[in-house]
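K.L.:
Below is the structure I would like to discuss, written out as structure tokens.
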Amino acid sequence: MMSKDKPQIPSGEKMLDIPEGLWTKCPGCNRFLYTKELELNQSVCHYCQHHFPLKAPERIACITDPGSFIECEKHLHSVDILGFNGEKSYQERLDYYRNKTALDEAVVCGSCTIGSIPVFLCVMDFGFLGGSMGSVVGEKITRMIEKSLSAKTPLLIISASGGARMYEGMFSLMQMAKTAAALQRLSQAHVPYISLLTNPTMAGVIASFASLGDVILAEPKAMIGFAGSRVIKETTQQELPPGFQTAEFLLEKGLIDKIVHRKELRSTLKQLLYFLT
């Protein structure tokens, strides 16, 4: 009688030791991508063109002239002004994300050139506390607006945020009015402001400076809105249009000016800056 035992793997063979992070699964098409190739492609899927998140330094490298970026306001740091208590203190969270991201805050600001045109630049990083806007984020952005106004130099803000930072309470909500007021002065002086919305741009950020650009761009399929769809549905008791918080829906309704593929972003910005300056 033949044995029905399962074949045994020879003891001499070992499982392959695959380094962690070698492959990345695309949420758009579920394919596995070689991480190094993905990074060389500006973190855009080769197959479905899904745009993965970028860290602030990566975004800066993608759009600025090489070696032109000079960081400003790096000395500003958030503090736990309210003594926020939770599972972890606010200070513990700040320390954790500073170590994790090698950033001081959720926004990196500075001066640069794009196509040899001087620009003041603010780039938010969702990896730092969800890109949330606290008092320091609001202050850094406001200072860059004021620098732009003083130098009559175009301003570019790249948003990636879940909204206001709850650990700072009203201090974070105040930044909405502060940044909006500063942008009003910039507008009155006819200094160009370009806003780029990336995935996600939500809540207090889209309700303030992110939606006030002279030109508003967005990355493909970026999630953009004030509240989450579940909250809106429960509040209004109405069925919501499919994809109503995507860049494509907002473009159709006229709330943004153009959707720009990441590979075309630098050339698009160069053209816009040329026309606006």
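Residue positions begin at 1 at the first shown residue.
Placed from the backbone N, Cα and C atoms, the Cβ positions cover glycine too.
According to Swiss-Prot, the protein has these features:
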type	residues	note
DOMAIN	22-277	domain 'CoA carboxyltransferase N-terminal'
ZN_FING	26-48	zinc finger
BINDING	Cys26, Cys29, Cys45, Cys48	Zn(2+) binding site
K.L.:
Taking every protein chain shown into account, which of the binding-site residues Cys26, Cys48 has the largest tally of Cβ atoms within 10 Å of its Cβ?
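P.N.:
The residue with the most neighbouring Cβ atoms within 10 Å is Cys26.
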K.L.:
Out of Cys29, Cys45, which has the highest number of nearby Cβ atoms, where nearby means within 10 Å of its Cβ, if these are the binding-site residues?
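P.N.:
For the binding-site residues Cys29, Cys45, the Cβ with the most other Cβ atoms within 10 Å is Cys45.
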K.L.:
If you average the pLDDT over the domain 'CoA carboxyltransferase N-terminal' (22-277), what number do you get?
P.N.:
95
K.L.:
Which residue counts does DSSP yield for the zinc finger (26-48) in the helix, strand and coil classes, in that order?
P.N.:
6 helix, 4 strand, 13 coil
